[in-house]
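Here the structure is laid out as structure tokens; the discussion comes afterwards.
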Amino acid sequence: MRPAILLTNDDGVNSLGIWAAYEALSPIADVTVVAPATQQSAVGRSISIFEPIRANRIKINGNPAWAVGGKPTDAAIIGLYALKLAPALVVSGINIGENLSYESIMTSGTVGAALEAANQGTKGIAFSLQVEDQGDKFDDPGQSAQSFDAAKKVVRDVVERVLASGFPPAADVINVNIPSTIKGGYEVTHLARKLFHTGVEKRLDPRGRPYFWINGPLLEDAEEGTDVHAVRKGNVSITPITLDCTARTADEDTKKIFLK
């Protein structure tokens with residue numbers, strides 16, 4: 001029997017990235033697409049608790065899918081509980097744009113869906129493809145000019161390896177970032193602290209009232225061994241992630257503050 005995979009994303013069910021992943025995985029698994037109906041980038045692991053969630057059965061290029069009127073986390077939960085799928089893995093992506101560093105995995109809906117699946121008992125793998133032009137992240141994902149050919153090979157190979165060997169026991173999610181041009185092989189990495197400089201741009205609307213854009217250029221350097229450094233070298237970054245955010249090495253110092 002072929003393994004079952006729940007495939008989701010944050011770019012939306014119409015994204016070329018999710019269908020590239022579908023093409024990569026369909027020959028080796030029974031893949032069910034359950035993804036947000038619309039673009040949901042940068043919503044992280046947020047969840048819809050104040051509005052109903054609708055899931056509609058649709059077809060895209062003849063392939064069945066579920067379009068969920070919510071966030072990536074909602075899609076994962078709907079797939080696991082409402083549709084009663086019992087996948088061997090949840091795969092999220094291929095995201096159009098890299099998801100690197102602490103700041104990105106905390107805001108990424110792609111990684112958020114994989115984390116939610118892991119929290120519900122099914123390990124997840126998140127796949128993201130680097131873009132050379134950061135503006136490409138904000139274009140229509142259904143009309144992306146990105147080439148997914150190399151990324152599809154990575155998706156299939158990574159999933160085949162995990163299905164054959166099992167998930168790393170101490171990890172809950174594997175975050176895979178694929179460079180726009182692959183020059184090397186796989187590199188197991190840890191998260192960099194930041195990917196972008198943080199900036200705020202103030203503008204005035206037509207009535208003269210201020211509004212703000214949060215923006216900032218990419219950082220130019222990154223520590224060796226980090227996901228950012230690996231992708232910039234042209235390596236595929238593979239970062240094991242755990243749900244447990246507890247800073248256990250800080251236990252003793254924290255006790256000195258609060259338990260004296």
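Numbers run from 1 along the shown chain.
Cβ atoms are placed via backbone N, Cα and C, with glycine included.
The divalent metal cation binding site annotation in Swiss-Prot covers ASP10, ASP11, SER41, ASN95.
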On the three-state reduction of DSSP, what should I expect for ASN95 (divalent metal cation binding site)?
strand
Note on divalent metal cation: the CB centroid of ASP10, ASP11, SER41, ASN95 has further same-chain residues inside 8 Å, namely ASN9, GLY12, SER15, GLY17, GLN39, GLN40, ALA42, PRO72, GLY93, ILE96, GLY97, SER108, GLY109, THR110, PRO141
So of SER41, ASN95, which of the binding-site residues has the fewest other Cβ atoms within 10 Å around its own Cβ?
SER41
Given the binding-site residues ASP10, ASP11, the candidate whose Cβ has the fewest other Cβ atoms within 10 Å is ASP11
